[in-house]
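Annotated in TrEMBL:
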- 43-142: domain 'Ig-like' (DOMAIN)
- 147-240: domain 'Ig-like' (DOMAIN)
- 245-331: domain 'Ig-like' (DOMAIN)
- 370-389: region 'Disordered' (REGION)
- 1-47: signal peptide (SIGNAL)
- 401-421: transmembrane segment (TRANSMEM)
Amino acid sequence: MASAVLPSGSLCAAAAAAAAAPPGLRLRLRLLLLLLSAAALIPTGDGQNLITEDVTVVEGEVATISCRVKNSDDSVIQLLNPNRQTIYFRDFRPLKDSRFQLVNFSNSELRVSLTNVSISDEGRYFCQLYTDPPQEIYTTITVLVPPRNLMIDIQKDTAVEGEEIEVNCTAMASKPATTIRWFKGNKELTGKSEVEEWSDMYTVTSQLMLTVGKEDDGVPVICLVDHPAVKDMQTQRYLEVQYKPQVHIQLTYPPQGLTREGDTLELTCEAIGKPQPVMVNWVRLDDDLPQHAVVSGSNLLINNLNKTDNGTYRCEASNVVGTAHSDYTLYVYDPPTTIPPPTTTTTTTTILTIITDTTATTEPAVHGLTQLPNSAEELDSEDLSDSRAGEDNSIRAVDHAVIGGVVAVVVFAMLCLLIILGRYFARHKGTYFTHEAKGADDAADADTAIINAEGGQNNSEEKKEYFI
(Lines of atoms letter the chains of each structure in order from A and count residues from 1; the text may use other names and numbers.)
(Lines give C-alpha, C1' and ligand atoms only; values in the text may rest on other atoms or scores of the structure.)
Protein backbone atom coordinates (compact mmCIF):
# COMPACT_ATOMS: atom_id res chain seq x y z
CA MET A 1 0.00 0.00 0.00
CA ALA A 2 1.53 3.30 -1.11
CA SER A 3 1.71 6.36 1.08
CA ALA A 4 2.16 10.08 0.40
CA VAL A 5 5.38 11.65 1.73
CA LEU A 6 5.79 15.43 2.26
CA PRO A 7 9.17 17.12 2.52
CA SER A 8 10.23 17.70 6.09
CA GLY A 9 11.26 21.23 5.26
CA SER A 10 7.73 22.13 4.30
CA LEU A 11 6.40 20.91 7.61
CA CYS A 12 9.01 22.89 9.55
CA ALA A 13 8.26 26.03 7.59
CA ALA A 14 4.58 25.61 8.25
CA ALA A 15 5.19 25.15 11.97
CA ALA A 16 7.35 28.28 12.12
CA ALA A 17 4.75 30.30 10.26
CA ALA A 18 2.04 29.13 12.64
CA ALA A 19 4.04 30.17 15.66
CA ALA A 20 4.71 33.66 14.28
CA ALA A 21 1.17 34.26 13.04
CA PRO A 22 -1.32 36.56 14.82
CA PRO A 23 -3.63 34.86 17.32
CA GLY A 24 -6.61 34.97 14.96
CA LEU A 25 -4.73 33.24 12.18
CA ARG A 26 -2.72 30.95 14.39
CA LEU A 27 -5.59 28.49 14.93
CA ARG A 28 -6.18 28.09 11.20
CA LEU A 29 -2.48 27.54 10.50
CA ARG A 30 -2.29 24.96 13.26
CA LEU A 31 -5.28 23.17 11.74
CA LEU A 32 -3.66 23.26 8.34
CA LEU A 33 -0.45 21.87 9.82
CA LEU A 34 -2.45 19.08 11.47
CA LEU A 35 -4.05 18.25 8.15
CA LEU A 36 -0.69 18.19 6.38
CA SER A 37 0.77 15.94 9.05
CA ALA A 38 -2.17 13.61 8.78
CA ALA A 39 -1.95 13.60 5.01
CA ALA A 40 1.68 12.64 5.22
CA LEU A 41 0.75 9.55 7.22
CA ILE A 42 -2.57 8.56 5.52
CA PRO A 43 -2.37 5.47 3.42
CA THR A 44 -4.49 4.94 0.33
CA GLY A 45 -8.16 4.18 0.92
CA ASP A 46 -8.59 0.96 -0.96
CA GLY A 47 -11.50 -1.07 0.49
CA GLN A 48 -12.78 1.68 2.84
CA ASN A 49 -16.36 2.98 2.59
CA LEU A 50 -18.11 5.92 4.26
CA ILE A 51 -21.69 5.47 5.51
CA THR A 52 -24.20 8.05 6.79
CA GLU A 53 -27.96 8.68 6.88
CA ASP A 54 -30.21 11.66 6.29
CA VAL A 55 -31.68 13.32 9.37
CA THR A 56 -35.19 14.75 9.85
CA VAL A 57 -35.71 16.79 12.99
CA VAL A 58 -38.38 19.10 14.40
CA GLU A 59 -37.34 22.67 14.98
CA GLY A 60 -35.92 23.14 18.48
CA GLU A 61 -35.01 19.49 18.97
CA VAL A 62 -31.68 17.61 18.63
CA ALA A 63 -30.20 16.27 15.38
CA THR A 64 -27.49 13.59 15.42
CA ILE A 65 -25.05 13.25 12.49
CA SER A 66 -23.05 10.05 12.17
CA CYS A 67 -20.08 9.39 9.85
CA ARG A 68 -19.09 5.68 9.90
CA VAL A 69 -16.29 3.80 8.13
CA LYS A 70 -16.42 0.19 7.04
CA ASN A 71 -13.14 -1.63 6.96
CA SER A 72 -11.38 1.19 8.76
CA ASP A 73 -7.59 1.49 8.68
CA ASP A 74 -7.29 4.44 11.09
CA SER A 75 -7.84 7.06 8.41
CA VAL A 76 -8.80 10.54 9.59
CA ILE A 77 -12.56 11.42 9.63
CA GLN A 78 -13.93 14.95 9.65
CA LEU A 79 -17.36 16.60 9.45
CA LEU A 80 -18.11 19.82 7.52
CA ASN A 81 -21.19 22.07 7.49
CA PRO A 82 -23.06 23.21 4.35
CA ASN A 83 -20.62 26.16 4.05
CA ARG A 84 -17.70 23.72 3.98
CA GLN A 85 -16.51 24.74 7.42
CA THR A 86 -14.97 22.01 9.52
CA ILE A 87 -17.17 21.13 12.48
CA TYR A 88 -15.03 18.29 13.85
CA PHE A 89 -11.60 16.98 12.81
CA ARG A 90 -11.14 13.73 14.66
CA ASP A 91 -12.23 14.76 18.19
CA PHE A 92 -11.18 18.38 17.76
CA ARG A 93 -13.84 21.08 17.11
CA PRO A 94 -12.44 24.10 15.22
CA LEU A 95 -15.91 25.68 14.70
CA LYS A 96 -16.91 27.89 17.61
CA ASP A 97 -20.53 26.74 17.89
CA SER A 98 -21.30 25.16 21.24
CA ARG A 99 -24.50 23.58 19.89
CA PHE A 100 -22.29 20.93 18.25
CA GLN A 101 -21.20 18.29 20.74
CA LEU A 102 -19.13 15.17 20.24
CA VAL A 103 -21.15 12.08 21.00
CA ASN A 104 -18.69 9.37 19.92
CA PHE A 105 -15.27 9.24 18.31
CA SER A 106 -13.33 6.16 17.22
CA ASN A 107 -11.34 4.93 14.24
CA SER A 108 -14.58 3.83 12.59
CA GLU A 109 -17.12 6.50 13.63
CA LEU A 110 -17.52 10.20 14.23
CA ARG A 111 -20.91 11.06 15.78
CA VAL A 112 -21.90 14.67 16.50
CA SER A 113 -25.12 16.13 17.97
CA LEU A 114 -26.66 19.50 17.10
CA THR A 115 -29.00 20.91 19.75
CA ASN A 116 -31.75 23.52 19.37
CA VAL A 117 -32.03 23.01 15.63
CA SER A 118 -33.38 25.93 13.61
CA ILE A 119 -34.45 26.32 10.02
CA SER A 120 -31.06 27.88 9.21
CA ASP A 121 -29.34 24.61 10.10
CA GLU A 122 -31.06 22.81 7.25
CA GLY A 123 -28.83 21.61 4.37
CA ARG A 124 -26.06 19.18 3.40
CA TYR A 125 -23.36 18.11 5.87
CA PHE A 126 -20.23 16.38 4.53
CA CYS A 127 -18.36 13.41 5.93
CA GLN A 128 -14.76 13.20 4.64
CA LEU A 129 -12.21 10.40 4.92
CA TYR A 130 -8.55 11.33 4.27
CA THR A 131 -7.43 8.60 1.98
CA ASP A 132 -5.72 8.55 -1.38
CA PRO A 133 -7.82 9.50 -3.17
CA PRO A 134 -10.03 11.20 -0.45
CA GLN A 135 -13.59 9.91 0.11
CA GLU A 136 -16.60 12.13 0.72
CA ILE A 137 -20.28 11.57 1.35
CA TYR A 138 -23.03 13.94 2.49
CA THR A 139 -26.06 13.74 4.76
CA THR A 140 -29.09 16.05 4.55
CA ILE A 141 -30.68 17.62 7.61
CA THR A 142 -34.38 18.42 7.08
CA VAL A 143 -36.01 20.69 9.66
CA LEU A 144 -39.77 20.40 10.27
CA VAL A 145 -41.52 23.52 11.47
CA PRO A 146 -44.97 23.14 13.07
CA PRO A 147 -47.58 25.85 12.50
CA ARG A 148 -46.75 28.98 14.46
CA ASN A 149 -50.40 29.72 15.11
CA LEU A 150 -53.76 28.10 14.42
CA MET A 151 -56.75 30.40 14.25
CA ILE A 152 -60.43 29.76 13.51
CA ASP A 153 -62.84 32.51 12.54
CA ILE A 154 -66.64 32.39 12.09
CA GLN A 155 -68.31 34.92 9.82
CA LYS A 156 -71.12 35.52 12.32
CA ASP A 157 -70.98 35.09 16.05
CA THR A 158 -74.73 34.30 16.09
CA ALA A 159 -76.53 32.70 13.15
CA VAL A 160 -80.21 32.00 12.43
CA GLU A 161 -81.43 28.49 11.64
CA GLY A 162 -81.34 27.76 7.92
CA GLU A 163 -78.64 30.37 7.30
CA GLU A 164 -75.35 29.57 5.52
CA ILE A 165 -72.25 30.85 7.30
CA GLU A 166 -68.54 30.89 6.43
CA VAL A 167 -65.91 29.46 8.76
CA ASN A 168 -62.15 29.94 8.15
CA CYS A 169 -59.13 28.24 9.72
CA THR A 170 -55.52 29.46 9.20
CA ALA A 171 -52.29 27.58 10.00
CA MET A 172 -49.39 30.03 9.80
CA ALA A 173 -45.65 29.56 9.01
CA SER A 174 -45.21 25.81 8.83
CA LYS A 175 -42.84 23.57 6.93
CA PRO A 176 -43.96 21.59 5.05
CA ALA A 177 -47.46 22.88 4.30
CA THR A 178 -50.13 21.59 6.69
CA THR A 179 -53.31 19.71 5.86
CA ILE A 180 -56.46 21.08 7.54
CA ARG A 181 -59.43 18.86 8.40
CA TRP A 182 -62.90 20.00 9.55
CA PHE A 183 -65.27 18.41 12.06
CA LYS A 184 -68.72 19.42 13.29
CA GLY A 185 -69.08 17.46 16.49
CA ASN A 186 -68.01 13.94 15.48
CA LYS A 187 -68.89 14.38 11.81
CA GLU A 188 -66.08 15.20 9.38
CA LEU A 189 -66.74 17.90 6.78
CA THR A 190 -64.89 19.02 3.65
CA GLY A 191 -63.39 22.49 3.23
CA LYS A 192 -61.45 24.31 0.53
CA SER A 193 -57.76 25.08 1.22
CA GLU A 194 -55.32 27.64 -0.19
CA VAL A 195 -51.50 27.50 0.33
CA GLU A 196 -49.26 30.58 0.41
CA GLU A 197 -45.42 30.20 0.40
CA TRP A 198 -43.11 32.78 1.91
CA SER A 199 -39.37 32.30 2.54
CA ASP A 200 -39.54 28.48 2.53
CA MET A 201 -42.47 28.64 4.97
CA TYR A 202 -46.12 27.90 4.19
CA THR A 203 -49.37 29.46 5.38
CA VAL A 204 -52.53 27.42 4.76
CA THR A 205 -56.10 28.78 4.92
CA SER A 206 -59.13 26.50 4.72
CA GLN A 207 -62.70 27.71 4.14
CA LEU A 208 -65.85 25.85 5.20
CA MET A 209 -69.40 26.78 4.15
CA LEU A 210 -71.95 25.53 6.68
CA THR A 211 -75.76 25.65 6.73
CA VAL A 212 -76.89 25.61 10.36
CA GLY A 213 -80.05 24.37 12.05
CA LYS A 214 -81.43 24.45 15.58
CA GLU A 215 -79.73 21.11 16.31
CA ASP A 216 -76.32 22.80 15.68
CA ASP A 217 -76.69 25.23 18.58
CA GLY A 218 -73.86 24.64 21.04
CA VAL A 219 -72.09 22.13 18.73
CA PRO A 220 -68.31 22.68 18.33
CA VAL A 221 -66.74 23.29 14.91
CA ILE A 222 -63.20 21.84 15.05
CA CYS A 223 -60.20 22.74 12.88
CA LEU A 224 -57.64 19.90 13.03
CA VAL A 225 -54.06 20.02 11.63
CA ASP A 226 -52.27 17.08 10.01
CA HIS A 227 -48.49 17.79 10.11
CA PRO A 228 -45.44 15.54 10.66
CA ALA A 229 -44.04 17.94 13.26
CA VAL A 230 -47.07 18.00 15.54
CA LYS A 231 -49.84 15.71 16.78
CA ASP A 232 -53.38 16.55 17.93
CA MET A 233 -53.08 20.25 17.16
CA GLN A 234 -56.57 21.70 16.88
CA THR A 235 -58.78 24.65 17.71
CA GLN A 236 -62.55 24.95 17.92
CA ARG A 237 -65.46 27.36 18.14
CA TYR A 238 -68.98 26.69 19.40
CA LEU A 239 -71.90 27.57 17.13
CA GLU A 240 -74.54 30.02 18.33
CA VAL A 241 -77.79 29.37 16.44
CA GLN A 242 -81.07 31.16 17.03
CA TYR A 243 -84.31 29.33 16.20
CA LYS A 244 -88.05 29.88 16.53
CA PRO A 245 -89.96 28.33 19.44
CA GLN A 246 -90.91 24.70 19.67
CA VAL A 247 -94.38 24.49 21.29
CA HIS A 248 -96.00 21.53 23.04
CA ILE A 249 -99.26 21.41 25.06
CA GLN A 250 -99.19 19.22 28.16
CA LEU A 251 -102.46 17.97 29.71
CA THR A 252 -102.00 18.50 33.44
CA TYR A 253 -105.54 17.64 34.62
CA PRO A 254 -107.47 15.34 34.43
CA PRO A 255 -104.60 12.85 34.50
CA GLN A 256 -106.56 10.09 32.74
CA GLY A 257 -107.27 12.41 29.79
CA LEU A 258 -111.08 11.84 29.72
CA THR A 259 -112.94 15.13 30.23
CA ARG A 260 -116.56 14.99 31.47
CA GLU A 261 -119.15 17.55 32.35
CA GLY A 262 -118.40 19.18 35.67
CA ASP A 263 -114.68 18.30 35.57
CA THR A 264 -111.75 20.73 35.58
CA LEU A 265 -109.37 21.06 32.62
CA GLU A 266 -105.81 22.34 33.06
CA LEU A 267 -103.38 22.72 30.12
CA THR A 268 -99.73 23.79 30.26
CA CYS A 269 -97.97 25.31 27.25
CA GLU A 270 -94.29 24.36 26.97
CA ALA A 271 -92.29 26.61 24.60
CA ILE A 272 -88.53 26.32 23.96
CA GLY A 273 -86.59 28.59 21.62
CA LYS A 274 -83.50 30.74 21.26
CA PRO A 275 -83.87 33.38 22.45
CA GLN A 276 -86.35 31.99 24.95
CA PRO A 277 -89.91 33.18 24.16
CA VAL A 278 -91.24 35.52 26.84
CA MET A 279 -94.87 35.77 25.66
CA VAL A 280 -97.26 32.80 25.49
CA ASN A 281 -100.81 33.42 24.25
CA TRP A 282 -103.92 31.19 24.54
CA VAL A 283 -106.75 31.48 21.98
CA ARG A 284 -109.78 29.45 20.98
CA LEU A 285 -110.20 28.83 17.26
CA ASP A 286 -113.49 30.05 15.72
CA ASP A 287 -114.72 31.37 19.07
CA ASP A 288 -113.74 33.30 22.19
CA LEU A 289 -112.36 31.70 25.32
CA PRO A 290 -115.08 30.67 27.79
CA GLN A 291 -115.87 33.29 30.41
CA HIS A 292 -114.96 30.86 33.18
CA ALA A 293 -111.54 30.11 31.61
CA VAL A 294 -108.52 31.43 33.52
CA VAL A 295 -105.15 32.08 31.81
CA SER A 296 -102.16 32.25 34.15
CA GLY A 297 -98.85 32.62 32.31
CA SER A 298 -98.45 29.48 30.23
CA ASN A 299 -101.38 27.66 31.95
CA LEU A 300 -105.03 27.50 30.86
CA LEU A 301 -107.62 26.48 33.50
CA ILE A 302 -111.31 25.78 32.76
CA ASN A 303 -113.50 24.82 35.72
CA ASN A 304 -116.92 23.11 35.60
CA LEU A 305 -116.70 21.89 32.01
CA ASN A 306 -119.82 21.68 29.88
CA LYS A 307 -120.70 20.93 26.26
CA THR A 308 -120.35 24.57 25.20
CA ASP A 309 -116.62 24.42 25.98
CA ASN A 310 -115.98 21.99 23.12
CA GLY A 311 -113.51 23.33 20.56
CA THR A 312 -109.84 23.69 19.60
CA TYR A 313 -107.55 25.67 21.92
CA ARG A 314 -104.25 27.02 20.58
CA CYS A 315 -101.08 28.03 22.39
CA GLU A 316 -98.90 30.54 20.50
CA ALA A 317 -95.29 31.50 21.34
CA SER A 318 -92.91 33.84 19.50
CA ASN A 319 -89.41 35.31 19.60
CA VAL A 320 -87.27 37.40 17.26
CA VAL A 321 -86.86 34.48 14.85
CA GLY A 322 -90.51 33.53 14.37
CA THR A 323 -93.82 32.27 15.78
CA ALA A 324 -95.01 28.72 16.41
CA HIS A 325 -98.14 27.15 17.89
CA SER A 326 -99.68 23.90 19.09
CA ASP A 327 -103.37 22.91 19.23
CA TYR A 328 -105.49 20.92 21.69
CA THR A 329 -109.02 19.72 20.81
CA LEU A 330 -111.43 19.52 23.75
CA TYR A 331 -114.48 17.25 23.79
CA VAL A 332 -116.62 17.14 26.91
CA TYR A 333 -118.37 13.82 27.62
CA ASP A 334 -121.52 13.09 29.62
CA PRO A 335 -121.06 12.52 33.33
CA PRO A 336 -120.63 8.85 34.33
CA THR A 337 -123.80 6.76 34.91
CA THR A 338 -124.11 4.91 38.24
CA ILE A 339 -125.46 1.32 37.98
CA PRO A 340 -127.38 0.06 41.13
CA PRO A 341 -126.20 -3.26 42.56
CA PRO A 342 -128.47 -6.26 41.71
CA THR A 343 -130.81 -7.69 44.44
CA THR A 344 -131.74 -11.37 44.86
CA THR A 345 -135.40 -12.46 45.55
CA THR A 346 -137.18 -15.81 45.63
CA THR A 347 -140.27 -14.98 43.58
CA THR A 348 -140.52 -15.21 39.83
CA THR A 349 -142.17 -11.80 39.60
CA THR A 350 -139.29 -10.12 41.38
CA ILE A 351 -136.80 -11.85 39.10
CA LEU A 352 -138.55 -10.56 36.01
CA THR A 353 -138.58 -7.07 37.49
CA ILE A 354 -134.83 -7.18 38.10
CA ILE A 355 -134.18 -8.27 34.52
CA THR A 356 -136.35 -5.48 33.18
CA ASP A 357 -134.66 -2.83 35.35
CA THR A 358 -131.17 -4.04 34.51
CA THR A 359 -131.87 -3.93 30.81
CA ALA A 360 -133.27 -0.43 31.07
CA THR A 361 -130.28 0.73 33.08
CA THR A 362 -127.42 -0.83 31.17
CA GLU A 363 -128.58 -0.44 27.58
CA PRO A 364 -128.38 3.40 27.46
CA ALA A 365 -124.85 3.33 28.97
CA VAL A 366 -123.62 0.91 26.32
CA HIS A 367 -125.34 2.90 23.61
CA GLY A 368 -123.70 6.08 24.92
CA LEU A 369 -120.30 4.50 24.70
CA THR A 370 -120.87 3.49 21.07
CA GLN A 371 -121.44 7.16 20.27
CA LEU A 372 -118.02 8.37 21.58
CA PRO A 373 -116.14 10.53 19.08
CA ASN A 374 -112.95 9.42 17.38
CA SER A 375 -110.14 9.44 19.94
CA ALA A 376 -107.48 10.62 17.45
CA GLU A 377 -109.53 13.75 16.70
CA GLU A 378 -110.95 14.78 20.04
CA LEU A 379 -108.95 13.23 22.86
CA ASP A 380 -105.45 12.09 23.63
CA SER A 381 -105.36 8.59 22.18
CA GLU A 382 -103.93 6.80 25.17
CA ASP A 383 -106.18 8.45 27.80
CA LEU A 384 -109.42 7.98 25.83
CA SER A 385 -108.61 4.36 24.96
CA ASP A 386 -107.88 3.57 28.59
CA SER A 387 -111.06 5.32 29.80
CA ARG A 388 -113.34 3.65 27.23
CA ALA A 389 -111.79 0.27 27.89
CA GLY A 390 -112.29 0.79 31.62
CA GLU A 391 -115.99 1.70 31.21
CA ASP A 392 -116.66 -1.20 28.82
CA ASN A 393 -115.03 -3.65 31.21
CA SER A 394 -116.99 -2.33 34.20
CA ILE A 395 -120.34 -2.50 32.31
CA ARG A 396 -119.59 -6.01 31.09
CA ALA A 397 -118.70 -7.03 34.64
CA VAL A 398 -122.03 -5.66 35.96
CA ASP A 399 -124.02 -7.39 33.19
CA HIS A 400 -122.37 -10.72 33.88
CA ALA A 401 -123.02 -10.40 37.60
CA VAL A 402 -126.72 -9.60 37.07
CA ILE A 403 -127.21 -12.43 34.59
CA GLY A 404 -125.41 -14.86 36.85
CA GLY A 405 -127.61 -13.89 39.80
CA VAL A 406 -130.82 -14.27 37.80
CA VAL A 407 -129.81 -17.70 36.49
CA ALA A 408 -128.91 -18.83 40.01
CA VAL A 409 -132.33 -17.72 41.37
CA VAL A 410 -134.22 -19.48 38.55
CA VAL A 411 -132.29 -22.71 39.04
CA PHE A 412 -132.88 -22.57 42.81
CA ALA A 413 -136.65 -22.02 42.34
CA MET A 414 -136.92 -24.91 39.90
CA LEU A 415 -135.10 -27.23 42.30
CA CYS A 416 -137.50 -26.26 45.13
CA LEU A 417 -140.53 -26.90 42.90
CA LEU A 418 -139.24 -30.33 41.88
CA ILE A 419 -138.70 -31.29 45.53
CA ILE A 420 -142.27 -30.27 46.52
CA LEU A 421 -143.87 -32.16 43.61
CA GLY A 422 -141.81 -35.24 44.40
CA ARG A 423 -142.95 -35.29 48.00
CA TYR A 424 -146.61 -34.83 46.94
CA PHE A 425 -146.70 -37.68 44.48
CA ALA A 426 -144.87 -39.93 46.87
CA ARG A 427 -147.58 -39.49 49.56
CA HIS A 428 -150.63 -40.19 47.28
CA LYS A 429 -149.45 -43.12 45.29
CA GLY A 430 -151.06 -46.79 46.05
CA THR A 431 -154.39 -48.72 46.79
CA TYR A 432 -156.98 -47.40 49.29
CA PHE A 433 -159.19 -49.73 51.50
CA THR A 434 -162.48 -48.84 53.33
CA HIS A 435 -164.54 -50.65 56.09
CA GLU A 436 -168.04 -50.18 54.65
CA ALA A 437 -168.54 -53.93 53.82
CA LYS A 438 -167.21 -55.21 57.13
CA GLY A 439 -169.62 -58.05 58.44
CA ALA A 440 -171.36 -58.65 55.13
CA ASP A 441 -169.03 -61.26 53.81
CA ASP A 442 -171.48 -64.17 54.66
CA ALA A 443 -174.71 -62.54 53.42
CA ALA A 444 -176.87 -64.48 50.97
CA ASP A 445 -177.83 -61.51 48.86
CA ALA A 446 -176.97 -57.88 48.47
CA ASP A 447 -179.78 -56.52 50.56
CA THR A 448 -178.86 -58.79 53.45
CA ALA A 449 -175.22 -57.74 53.12
CA ILE A 450 -176.15 -54.10 53.33
CA ILE A 451 -178.31 -54.73 56.39
CA ASN A 452 -175.64 -56.85 58.05
CA ALA A 453 -172.86 -54.43 57.32
CA GLU A 454 -171.16 -52.93 60.36
CA GLY A 455 -173.20 -50.08 61.56
CA GLY A 456 -175.98 -50.65 59.10
CA GLN A 457 -177.93 -47.71 57.77
CA ASN A 458 -177.81 -45.99 61.08
CA ASN A 459 -174.12 -45.42 60.76
CA SER A 460 -174.15 -44.48 57.11
CA GLU A 461 -173.93 -40.81 57.82
CA GLU A 462 -170.97 -41.32 60.15
CA LYS A 463 -169.03 -43.32 57.60
CA LYS A 464 -167.62 -40.53 55.51
CA GLU A 465 -164.36 -40.48 53.75
CA TYR A 466 -162.49 -37.27 53.00
CA PHE A 467 -160.00 -36.78 50.27
CA ILE A 468 -157.23 -34.43 50.93
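Each residue, glycine too, has its Cβ placed from N, Cα and C.
Across the domain 'Ig-like' (147-240), mean pLDDT in this model comes to 95. Break the domain 'Ig-like' (245-331) down by DSSP state and the numbers are 3 helix, 50 strand, 34 coil. Sorting each residue of the domain 'Ig-like' (43-142) by its DSSP state yields 3 helix, 52 strand, 45 coil.
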